[in-house]
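Chemist: Okay, here's the structure, questions in a sec.
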């Protein structure tokens, strides 16, 4: 988020996230294909590939989530993952959003799609951010909804052993405009600052009385 103070005049600023996610690409692009029919077939083939990948991700995600009969089924969070190793991709929700954006773009004409590309329009985020998976060992402690500091447990017991808790955190980048103010803000009229903001997610924690349980804790989720 961009914190601004005491403006001398109204200014409208739009920011756009700068997260990057793994995706699939065809060889070449639509402009190198042999005409409208080939372009349509290329889009259809790529859409089928995306659908196949998303279906596989959904199947894997269902294996991680508790069953409906489990009383902890509602504890699942898109930014928290239980895994035996570091996740190799962003949360499924982010991938699905990227997939939806792809489908929206596929329905545009080539000319409209080129002009709608943020890179072609010279758009930049108001604040630069970075995202990564972190472990409970790196977080160690967090603040819960009551304002108390709790210990974030590194491992969660499951029927076949233990899994580690991973948190997908997004924070302001240490480089760029984080310290100099928000990009696009006129320094003559505004004082601005890029600041990391937090949200609550469910995690397995332990309080100062050694009571273990699932609690909402704060983690960094945006800039």
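In case you wondered, yes, glycine gets a Cβ from its N, Cα and C as well.
Keep in mind the model is a prediction, meaning the values are calculated, not measured.
Per Swiss-Prot, the features are:
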- 127-194: disulfide bond (DISULFID)
- 172-223: disulfide bond (DISULFID)
- 107: N-linked glycosylation site (CARBOHYD)
- 1-5: signal peptide (SIGNAL)
Chemist: How would DSSP class residue 127 (disulfide bond) in three states?
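Modeler: The three-state answer is coil.
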Chemist: Whole-number answer please: how many Å between the C-alpha atoms of residue 223 (disulfide bond) and residue 127 (disulfide bond)?
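Modeler: Roughly 6 Å, rounded to the nearest whole number.
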Chemist: Go through 127, 172, 194, the listed disulfide-bonded residues, and name the one with the sparsest Cβ surroundings, counting other Cβ atoms within 10 Å.
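Modeler: If we count Cβ atoms within 10 Å for the disulfide-bonded residues 127, 172, 194, the smallest count is at 172.
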Chemist: Just to verify a number: CA distance, residue 127 (disulfide bond) to residue 172 (disulfide bond), in angstrom, no decimals.
Modeler: 7
Chemist: According to DSSP, which of helix, strand or coil covers residue 223 (disulfide bond)?
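Modeler: Note: residue 223 (disulfide bond) is coil by DSSP, not helix or strand.
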Chemist: DSSP on residue 194 (disulfide bond), three-state: which is it?
Modeler: strand
